[in-house]
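Taken straight from Swiss-Prot:
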- TYR185: active site, proton acceptor (ACT_SITE)
- 40-64: NADP(+) binding site (BINDING)
- SER172: substrate binding site (BINDING)
- 1-19: signal peptide (SIGNAL)
Amino acid sequence: MKFLLDILLLLPLLIVCSLESFVKLFIPKRRKSVTGEIVLITGAGHGIGRLTAYEFAKLKSKLVLWDINKHGLEETAAKCKGLGAKVHTFVVDCSNREDIYSSAKKVKAEIGDVSILVNNAGVVYTSDLFATQDPQIEKTFEVNVLAHFWTTKAFLPAMTKNNHGHIVTVASAAGHVSVPFLLAYCSSKFAAVGFHKTLTDELAALQITGVKTTCLCPNFVNTGFIKNPSTSLGPTLEPEEVVNRLMHGILTEQKMIFIPSSIAFLTTLERILPERFLAVLKRKISVKFDAVIGYKMKAQ
């Protein structure tokens, strides 16, 4: 009973906050400067990571690029240098905790304190549970979420000491809405979203106001990782569009970025709609892509 009374007493504050949020919709958000910031991007040798590096290079940030693919990493670095940025590259296996920690130690010793961390590296296996091998499940979690713990543990202490920093989690719409035949991937992205939300709350509880957090949750992106994706929610997103939204979110310090915005509405519906209706709605959304179905093979 006391809890309900406390909630009722908060209603005036809810009205004020709602009005404040509505007014802010019509006021352009001020973008912060990232000139001279040391920006570390994992998975920088391809796709979203590469294009994000280009954008930070244009803004005169100092770049630290990590990827397991040396050739892709060098291509990204060359373009960033052509844009006038100072660039440092490290071949890092983000599924290996010790590799992350040793590389982080080199970054701090040779370059300085990372002030913007973009946890972007990711892997995906499109198959049902029967066809997904144990090492694939392990690697999915090691890269898609455990690496976020290790990089954040490595670089957050300096951010908190300086009360200045930004941690970016590249997750997915699949971290909010489940998709069949992406079981390991969805599970890891749900964990990544949970990591972002809990880290955000933990920083607030510790009153570390200068370290910001942002989480990116796009629908299917045309990066080649998932073959022939389609959904009635809209066309497959181009990486350039996603990175433009990501950069705007980082520079205006948005906490959660959904692309398209309808994903946010869908996540709300999932919490309130009857289960039977929700099943019909998911069939209408019609998510499709090429996948290996091990259940059929086992049944033969």
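Note: Cβ is positioned from N, Cα and C throughout, glycine not excepted.
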By a 10 A CB contact count over all chains shown, which of the binding-site residues listed here is most packed: LEU40, ALA44, ILE48, VAL64?
ALA44
In sequence order, which same-chain residues at least six apart have a C-beta under 8 angstroms from the residue listed as 'active site, proton acceptor'?
VAL124, TYR125, THR126, THR140, ASN144, SER172, ALA174, VAL179
So what sits near PHE56 (NADP(+) binding site) in its own chain, CB-to-CB under 8 Å and at least six residues off in sequence?
VAL34, VAL39, ILE41, LEU63, ALA85, ILE116
Fewest other C-beta atoms within 10 angstroms of its own C-beta: which of the binding-site residues THR52, LYS60, SER172 fits that?
LYS60
